[in-house]
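In TrEMBL this protein carries:
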- 21-80: domain 'LIM zinc-binding' (DOMAIN)
- 81-140: domain 'LIM zinc-binding' (DOMAIN)
- 149-208: domain 'LIM zinc-binding' (DOMAIN)
């Protein structure tokens, strides 16, 4: 996990070291006062957040993938959110069924009590249920909620054995299957239009792929110009700076170009026959 790195300012003048020091950000020779972070040196004006450009010399920051990022942007790009309260998690984290929680937020969705250590957790499709409350979801007797007790899969009446409540319907346990491959769904599943799918088949039919890495996106996704990206994959093709929500993005041909600020700087380098299309980065959540 990345951690905030201390820095210090060192003066390099005529009485200092004669070693040529290059700025980690711009590559030019450092003269006078510089900022040193571990073995890297910066002009003071260059020691800024790779994402938003704010001054890092007076604030906390993180180092990840060769880039220095302010605390706010690091959390937006790489932070882990609690699936219950949606705040970022710092310190201890609980992971269950592919979701993450603050310890205080990991409670049964029905009785709102914390899960005992070692207790079985039941996932109903949307909520985490404790072992005591799960008896209302999986029972040896049919659960009568919406009319007759008929299985939503085989349409037969549920007479004996276990019944499963999912997608607000009742199923024989052996009938709750992926619509595509037919595998029995005993853990996580994804539904669309009231139909259950295993994760791989759902992505194959309905999933959204990142325009940059060509992998399926789950969780946060940035959309711009009709294209979709992982937050860490939405970068300018020239300066490799990451885009953030609400920032203007220019598209030229097949490439994501740059922010409006960078576009003006590179105005003379853009092919006159290709007029950039402007779009605004929007955050979605799958």
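Any Cβ shown, glycine's included, is placed from N, Cα and C.
Within the domain 'LIM zinc-binding' (21-80), the DSSP-based counts of helix, strand and coil residues read 11 helix, 22 strand, 27 coil. Across the domain 'LIM zinc-binding' (149-208), DSSP assigns 11 helix, 18 strand, 31 coil. A mean pLDDT of 82 is what the model gives for the domain 'LIM zinc-binding' (149-208).
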